[in-house]
Amino acid sequence: MASRLLVRTAVRAACARSAVPVQAMTRGMSSGGIPTDEEQATGLEKIVMRATKQGSDPYSMFKPKEYAGSKQDPHLVPSVTSKRIVGCVCEEDNTAIVWFWLHQGEPQRCPSCGAHYKLVPHELPH
Ligand SMILES: [Zn+2]
């Protein structure tokens, strides 16, 4: 008796479920496509993306430009103060670094190899 009651209840439940149409799952982005990085970016990432598009590098994330190191084309060293410590690897295979203070003004030479360095003012983005 109890088993018959359970079977009827189960059959009714199965019939009732199949009668209700099941809606297909849809994603919110399916109508407009996948958003680009620029559309998804927020905060600092968005500021950096905009600056990169304009050609600037506000957080010095990219590889610095290479200079000849001569008096006419010195290595440019950005600094927020009037002096900065510079380390020069005079030759490519050197394991020792020559450290010296670089002051604002005229280009200075490395005391070991003679490469020229010039301090340029750098503004922080905020
Ligand atoms: Zn040097």
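Backbone N, Cα and C define each Cβ position, glycine as well.
TrEMBL lists 55-75 with the feature region 'Disordered'. According to TrEMBL, the feature compositional bias 'Basic and acidic residues' maps to 63-74. Taken from TrEMBL, the feature N6-acetyllysine covers Lys65, Lys83, Lys118. According to TrEMBL, the feature Zn(2+) binding site maps to Cys88, Cys90, Cys110, Cys113.
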Quiz item: Excluding Cys88, Cys90, Cys110, Cys113 themselves, which residues in that chain have a Cβ inside 8 Å of the centre of the Cβ atoms defining the Zn(2+) site?
Solution: Val89, Glu91, Val98, Pro111, Ser112, Gly114, Ala115
Quiz item: By CA distance, which of the recorded positions (Lys65, Lys83, Cys88) lies nearest to Lys118 (N6-acetyllysine)?
Solution: Lys83
Quiz item: Using C-alpha atoms, which one of the recorded positions Lys65, Cys90, Cys110, Cys113 comes nearest to Lys83 (N6-acetyllysine)?
Solution: Cys110
Quiz item: Between Lys83, Lys118, which of the modified residues has the fewest other CB atoms within 10 angstroms in the structure shown?
Solution: Lys83
Self-check item: Intrachain C-beta neighbours of Cys113 (Zn(2+) binding site), sequence separation six or more, cut-off 8 angstroms
Solution: Cys88, Cys90, Glu91, Val98
Quiz item: Measuring Cα to Cα, how many angstrom lie between Cys110 (Zn(2+) binding site) and Lys65 (N6-acetyllysine)?
Solution: 19
Quiz item: Quick one: which of the modified residues (Lys65, Lys83, Lys118) have their CB closer than 6 Å to ligand 1?
Solution: none
Quiz item: In the structure shown, with every protein chain counted, which of the binding-site residues Cys88, Cys90 has the densest set of Cβ atoms within 10 angstroms of its Cβ?
Solution: Cys88
Quiz prompt | Cβ neighbour count (within 10 Å, all chains shown) around Lys65 (N6-acetyllysine) | solution = 7
Quiz item: DSSP on Cys90 (Zn(2+) binding site), three-state: which is it?
Solution: coil
Exercise. Quick one: give me the count of other CB atoms within 10 A of the CB of Cys110 (Zn(2+) binding site).
Key: 20
